[in-house]
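According to Swiss-Prot, the feature coiled coil maps to 253-315, an assignment based on sequence analysis. Per Swiss-Prot, the feature compositional bias 'Acidic residues' maps to 490-512. Residues or ranges marked as phosphoserine in Swiss-Prot (evidence: a large-scale study or a structure entry): Ser232, Ser234, Ser236, Ser585, Ser595. Sequence annotations record features per position, and here Swiss-Prot assigns phosphothreonine to Thr552 based on a large-scale study or a structure entry. The region 'Disordered' annotation in Swiss-Prot covers 483-525, 604-669.
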Amino acid sequence: MSNRNNNKLPSNLPQLQNLIKRDPPAYIEEFLQQYNHYKSNVEIFKLQPNKPSKELAELVMFMAQISHCYPEYLSNFPQEVKDLLSCNHTVLDPDLRMTFCKALILLRNKNLINPSSLLELFFELFRCHDKLLRKTLYTHIVTDIKNINAKHKNNKVNVVLQNFMYTMLRDSNATAAKMSLDVMIELYRRNIWNDAKTVNVITTACFSKVTKILVAALTFFLGKDEDEKQDSDSESEDDGPTARDLLVQYATGKKSSKNKKKLEKAMKVLKKQKKKKKPEVFNFSAIHLIHDPQDFAEKLLKQLECCKERFEVKMMLMNLISRLVGIHELFLFNFYPFLQRFLQPHQREVTKILLFAAQASHHLVPPEIIQSLLMTVANNFVTDKNSGEVMTVGINAIKEITARCPLAMTEELLQDLAQYKTHKDKNVMMSARTLIHLFRTLNPQMLQKKFRGKPTEASIEARVQEYGELDAKDYIPGAEVLEVEKEENAENDEDGWESTSLSEEEDADGEWIDVQHSSDEEQQEISKKLNSMPMEERKAKAAAISTSRVLTQEDFQKIRMAQMRKELDAAPGKSQKRKYIEIDSDEEPRGELLSLRDIERLHKKPKSDKETRLATAMAGKTDRKEFVRKKTKTNPFSSSTNKEKKKQKNFMMMRYSQNVRSKNKRSFREKQLALRDALLKKRKRMK
């Protein structure tokens, strides 16, 4: 009886829905019956909107599923559901409210609702105290905006939504404002809304009185695109087999020439895939897209000075201000005295504060302002009463600050710091050497003669610029090396023809011919030729090459290598005791942001005390798994096998058994040979 009831169409909505989708005109009467039933349920719901109604929820989902089949009857249905939600969303039953939202999402996926009005309604629903609903709406909003901008940027919809979000960020409801901010941040990270307007709307959240909103906005601006790119690269590299997987597969399989060839082929394919260049993402960091960074930084500093938030939030504010000042080269002179208050060795997170001081330094800041900052670091950190680690951190911070603002360093302070080159602590000694090495390239004249080292081409060409002076060149420095190399290549081509003709004659002998790659010798000859040229002639050649030809990436790589070689090669006229040094061309360029490793770099790790070593050893033991194979039985209650019983049996009971007595043992001669082989093997190892 129940089965027959389930097949009746008026009471079985899923079956009716399935049939209507197959043939809408055939079931129009059943649809109209359900539609009238839906209307009467809506009228009842309006009288008591706070009461749950399972029947109405089923009818709303049914209508949403078949709305595309009867557009003439259900043209006003989406607007009706939206009105019910917008008027009663605060008092609605949570399950019924979720059903209404799902029905609207279904209608939007069928493109039966305008996205702007629906998304505005969903943003308003963020005010509801329903975590599951907020999560569902958040996912739909991000996905829908992504689909809207999939083929091309839909600026009409984007502008309307961005303006609406700007008002939502200032909403009195903190939850709604936070969710709206999360949507904007997610859209920026997914490269959907990566324009300046989105970034400048998010800047308003940095002045929110709600801590969660403030922290979310600061975290967004402190995020780095480079890190995200590396993460995405590492995620993509995890897909598919690695070289280790292929080697393990070969080692565990059958050893044959066919399998070996398969392995080599697979390794080649893997290498080729790794070498494939991915499309570059031309995505600036959000800090670059701020319209008025000077005004933004001043407001942030004012907020920081009267901030009553936790210390971690203050650190984030300091970090953002320092990045703004360093990247945009702003004038924010009150920021440096503010940082000086925290520059004490006992200060919490002092290495990060030193990093912020270095980030906020640039060549346009007047040297007098940075000088007071340097003296504070030197007086508080680089003194003999402090430990070696504290002194090292102080010298590293001074080095990073002066690398960005060289004019701030005084000759007296530099000479004092250079004396630590012979300090007993290796970390202090090495950090002082790095500071000396920096000034050998920046301004060797400030160092004492014994610390200047052997003069190189780069140190002779180095020139100290005055405050505010620009060094504008009308040529590419180092471009003169290209023309010389071109001539050398022409000569090498002629030599190449001669060598090939010789090799053809000698090929009949069937002997191997040694081919000598003389790239190192060529580079030495090029550097000799350039050294013999006067400086004026070099500049003229570089200017001629820069204006007469289009330089390729390979040309720029050669120029960069030549400029790096200048720092190694001795100056012309001096006795060249140095050998030619090969330069690593894969060296990563230094970014515009500093890393905490630059400040905390210790060349020698400090010894850990006994308690720390014991704690690490004990932690390792707890995490370690037993290297024993667990005996697993199909039936845990079954008895042990005869084989297991044999292993566990006492030897004295097995001693006189037939199996032991009839066992084949090694003869005396076999034992002699085994001993001899073992002794020979041991002697080889001793050698």
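The backbone N, Cα and C atoms fix where each Cβ goes, glycine too.
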Across the region 'Disordered' (604-669), what are the DSSP residue counts per state (helix, strand, coil)?
31 helix, 0 strand, 35 coil
Which value does the mean pLDDT take for the coiled coil (253-315) in this predicted structure?
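It averages 78.
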Sorted by position, what residues of the same chain at least six away from Thr552 (phosphothreonine) have a C-beta under 8 A from it?
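Looking at Cβ-Cβ distances below 8 Å from Thr552 (phosphothreonine), excluding near sequence neighbours, one finds none.
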Should Ser595 (phosphoserine) be counted as helix, strand, or coil on the basis of DSSP?
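The residue in question, Ser595 (phosphoserine), is coil (DSSP, three-state).
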Return the residues near Ser595 (phosphoserine), defined as same-chain residues 6+ apart in sequence whose C-beta is under 8 angstroms from its C-beta, sorted by sequence, else 'none'.
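Non-local contacts for Ser595 (phosphoserine): none found.
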